[in-house]
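This report concerns only the one structure given below.
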Ligand code: SF4
Ligand code: SF4
């Protein structure tokens, strides 16, 4: 701080910040790459002055004083410019002269980030790296009682169903009498969860879509991707690739004008329609696209003016009760596509999930239920919602599944679980655990961003600035100067990589369990955990 | 592993024949238990085809409880087969008071009931007896059905058969299913011992059904009181057979499509693709997994063998018109039907189901790629 600086309550020192910049004068060539790339302008050119007194030993030489100036990098400390730890500066530095370091004490920034009375909002997910899913082990290994299966050699049928499956007697009756059969899609059990065009950059979206198309058409994997709330580019709506896409409608209905108008011109039906009622990252809160990201293209697709923030209401405003909200929406959406497309709601995991599920079991058009747990990600939400609101996915999913088992409808309404799947990189293990607890499939978004596009976000509050349009990786930005950094082709390649790797890992889990003929939905006898109460709660084995 | 042997023959055979076949295959099982299912009986039971026969193991106290209950309902003993036992059982076999095989006359009040209703009630009585015996372990009931006898015991199959001296008691049957068991479950529970029986359907399996829990949960939630037990992961095979036959009215060849449906590609090019897809989807929770060779018997007497979708267990069928056997290994066949044309022996593979109908003329093989025998 300069000599005439003033200390105010929110004056912070570098030590008070969560991320501190280490900069090495010896290595730095002052190229300026780091300051140019920093998304939040946390670093700037610093001018450091030094005065040196030289006093000789003898009397002949008089002490002298000299001034020198050196240039370097200075970290800014005001809350608006606090470093977010993205490490883009390290990435671009040609001499490895700079890097962010996490403050090992507790920072003071958290008390001052609410400048102007605005609580902190951000992207990412709950800042808590722990997770129950990672503790679950697969313990029922068939060895001598079975010839073990070979993950590399045997065939594995792991596809799952999305859509209302009729009870066997009804199914046969409908078939005999040529009655209406609810549409059912056979899909890969790992679905790319809803991330909107708008939240994601055009290059990211394009890369994901290309990757999904490649997986379907070249690898024979029926992978599906959900649009999130934000509509769908018109060309995709009118292309044959639409069948790989789950269109999401949420409380803001963004983009649905365009979609409805495109229906007569659609070559293919979409895979399904997801009605979003809630999101695990911010339960009870609507979607939010900040004005930074609403450029001409986004505004056109969503059917809104440019550069205005787009909050979706917390609930679907036109409807008042769960009966209306769910039944009517499902019915209207089904009707729009002539009852040929599965329509299902997505809710945030909550202690009231069972009520929604029970309602769905009585609705013959409900094609499934997606449940998003507290560890789900988002492009923009209040920090408090992300960190403190919501229900863990494991017990919520398990309760729902066991409830279906109780009423005998476990095969009829598929449950899709999301929220923190692959949070610590263990995508296949987390997905398999959820499937064996009763999920028909899982949805994941954050893992895809991390693995396919190099998203830097973490649960230790790294980066997470997806909301302000400055995503340093070009994933969640609408600024062409930024999203040019992301090569759509490369994203597509990574999507394919990660799916193939997931598939192999899934088989590596299923083979020792002796499962290959069908996806082991509800195979809870395979699971164990070394936490007694969790085991009791989930109805799986307690192992120590 | 377990070893299986089943035979269907125009002339009634002694169950000892089947136990000898198991003995020939003894390298494949550890002799920890034996189960026998007999249908279409000869000997003293030939004359009382319609009378329900109760098979089980009772203590003296249990027998008293049984008599009281049966009297209450109005069942009258029609024929009782007393199995005389030597003083000491063979090593490994616990001493038992009574191996019960007893035929009853239906209660008077049941006389005008439809066959189906009588059968329903027989199941109820069997379940009631089973429940009554649960606490004290004084009644173990295997079957209560016309023209069916079942015996299960711990110990080496042939030794147990000789100990009970089955030959001397003159039990014979045209259809016999026998299993020599490998005890993988440690806790020895006779209810976990194959074959399993439910309302006229019987199955036994060599294998391990790794999809047990989801299948079990699905069956339990069908609201049918006969789907109980589940002491063995193989018991669900008989429940599934019962479910698709009675609830869904599907032909036997659909059984294989339910438990191991065709992969999607093969399904799409199947002549019955639309109904098979519906079955695959709506009966998804009945898909079994793991290595399993299943031998089963229908109420009409049809005997069949089906393999899992990867054919991970051995199984062979052979014989001649009038007598056919299904066996885990060929040495079992050789023991019982040595004079057959061995070049005609058939090993069902991953898509196959082999069946011999009640006429015992030939082995019919249905492949999953064939059309369904009867439209669902
Ligand atoms: S880590 Fe990121 S936010 Fe921090 S100074 Fe470097 S570039 Fe800027
Ligand atoms: S890299 Fe982009 S998408 Fe990832 S956390 Fe940072 S801003 Fe968000």
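From the backbone N, Cα and C atoms, a Cβ is placed for every residue, glycine too.
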- line: Matching A:52-77, A:78-103, A:104-129 to TrEMBL annotations, region 'Disordered' lands on A:104-129
Message: I'd like to know which of these binding-site residues, A:86, A:93, is least surrounded, judged by other CB atoms within 10 A.
response: A:93
Task: Take the C-alpha atoms of residue A:83 ([4Fe-4S] cluster 2 binding site) and residue A:93 ([4Fe-4S] cluster 1 binding site) and report the distance between them in angstrom, rounded.
output: 16
Query: What's the CA to CA span in angstrom from residue A:86 ([4Fe-4S] cluster 2 binding site) over to residue A:93 ([4Fe-4S] cluster 1 binding site)?
result: 13
- line: Secondary structure of the domain '4Fe-4S ferredoxin-type' (A:19-48) by DSSP, residue by residue, totals 5 helix, 11 strand, 14 coil
Message: Using Cβ atoms only, which residues of the same chain lie under 8 Å from residue A:89 ([4Fe-4S] cluster 2 binding site) while being at least 6 residues apart in sequence?
response: A:21, A:33, A:34, A:35, A:37, A:38, A:43, A:98, A:99, A:100
Around the Cβ of residue A:83 ([4Fe-4S] cluster 2 binding site), the count of other Cβ atoms that are within 10 Å: 24
- request: Kindly report the helix/strand/coil residue split of the region 'Disordered' (A:104-129) according to DSSP, in that order.
  value: 6 helix, 4 strand, 16 coil
Field: CB-centroid shell, 8 A cutoff, [4Fe-4S] cluster 2 site A:83, A:86, A:89, site residues removed
entry: A:19, A:21, A:34, A:38, A:39, A:40, A:42, A:43, A:84, A:85, A:87, A:88, A:90, A:100, A:472
